[in-house]
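If you check Swiss-Prot, you get these features:
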type	residues	note
BINDING	Leu112, Gly116, His117, Leu118, Glu247	(6S)-5,6,7,8-tetrahydrofolate binding site
SITE	His220	site 'Plays an important role in substrate specificity'
MOD_RES	Lys221	N6-(pyridoxal phosphate)lysine
Amino acid sequence: MIDSILFDLIEREVKREKENIELIASENFVSSDVRRAVGSILTNKYAEGYPSKRYYGGCFVVDDIESLAISRARELFGANYANVQPHSGSQANMAAIMALIKPGDRILGMELSHGGHLTHGSKVSFSGMFFDAYSYGVSRESEMIDYDDVRKIAKECRPNLIIAGASSYSREIDFKKFREIADEVSAYLLCDVAHTAGLIATGFHNSPIDVAHLTTSTTHKTLRGPRGGLILAGRESSIIVNYNNKERRLEDAVNSCVFPGTQGGPLMHVIAGKAVAFREALMEDFKDYISRVISNTKAMAECFISEGFRIVSGGTDNHLFLVDLGILGITGADAEKVLERVNITLNKNAIPFDSKNPSVTSGIRIGAAAITSRGLNRDDSIRVAHFVIRALKTKSEDELKKIKRDVIEFISSFDMP
């Protein structure tokens, strides 16, 4: 390679990933086929517009690629409509929100510190800057969504749009209850399933596709695809909405919001990678993979509970859980730094009603999607949990060095996808 500096850095990242236990809930490992597609010659092609409606010539091949990705996404989720062009989940959310409501309208989303996402109404996001944002949270007692409280807040603020979904919530969300609430206040419903898309596609969690007006997702995380976004619609795809002072079908409004509304040319090499990932997710072994993700996550959570830790909401229904570090008297930031020293990666995370600054936090978030992609089973996951607990409890530098050696020896025996 001519650029030896850059490619040496890439090799360093290869080594880091191979010798590291990856517990960040929003990360995963793609297949070699996905990497091949994303690293292909398709990165050369500019293709503003949509299949058969491009602003450039020479798009007949990428038209077929995007159409294939759309077809597979629709099949995977049982959707009537799919847009595979969003570059990220945040951009998918921006386009979906703008297709349904206009700037200044009211939105109701999950409080960020209770497990929501920046794009669900945070003041530092477009969703809180350009819209009148309100929030709902979890019950102080159960640390789960209180749907009666959501209904009460919705009736008080009368939102134009309700967003259901989360980035650090370990329980299954009842999308039908959210739709009932939305209908009661004449609001649209947007479901953001970025974290649980793989569980929904395989039937382990209830699907919002025919419940919500629009559903958004990322294509990485539990879908094991390239980093990117996705917008889906079911039976509501052809309803008429007021977009840009014109009556449009919802799917047409979404298309316009993605391009030219929020993006220019699509990333055709990434869309090809999405197509590969959707095909892989349609295979029977992907359902087995998701089953193992859930099993591994539960096993780790149970291990922490048995060691005296408090798990937010008492457990997990999906691929992640939150650990309250109060028993140790350390912060999430402390834990993140210590664990990185022993080749374990996760992230500090606020817990509901957290008294600490978001840059410090009282908890950590742990996910099993990535380690499961490397072939770890339930017993392996319990061993991983013990590595984490050992590192968090020790005060010895020598013990941390030993844990790091143990971690490298253990995880290096599992192949990268």
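Even glycines carry a Cβ here, placed using N, Cα and C.
The model shown is predicted, which means the values in this text are computed figures rather than measured ones.
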In the chain carrying Leu118 ((6S)-5,6,7,8-tetrahydrofolate binding site), residues 6 or more apart in sequence that have Cβ under 8 angstroms from it: Ser90, Leu112, Val124, Ser125, Ser127
Assigned element (helix, strand, coil) containing Glu247 ((6S)-5,6,7,8-tetrahydrofolate binding site), judged by DSSP: strand
Number of other Cβ atoms within 10 Å of the Cβ of His220 (site 'Plays an important role in substrate specificity') across all protein chains: 26
Most distant Cα pair in Å, residues Leu112, Gly116, His117, Leu118, Glu247 binding (6S)-5,6,7,8-tetrahydrofolate: 33
Between Glu247 ((6S)-5,6,7,8-tetrahydrofolate binding site) and His220 (site 'Plays an important role in substrate specificity'), the C-alpha gap once rounded to whole angstrom: 34
Long-range Cβ environment of Lys221 (N6-(pyridoxal phosphate)lysine), under 8 Å and at least 6 residues apart: Ala25, Ser26, Glu27, Asn28, Ala194, His195, Ala197, Gly198, His319, Ala369
Rounded distance in angstrom between the Cα atoms of His220 (site 'Plays an important role in substrate specificity') and His117 ((6S)-5,6,7,8-tetrahydrofolate binding site): 16
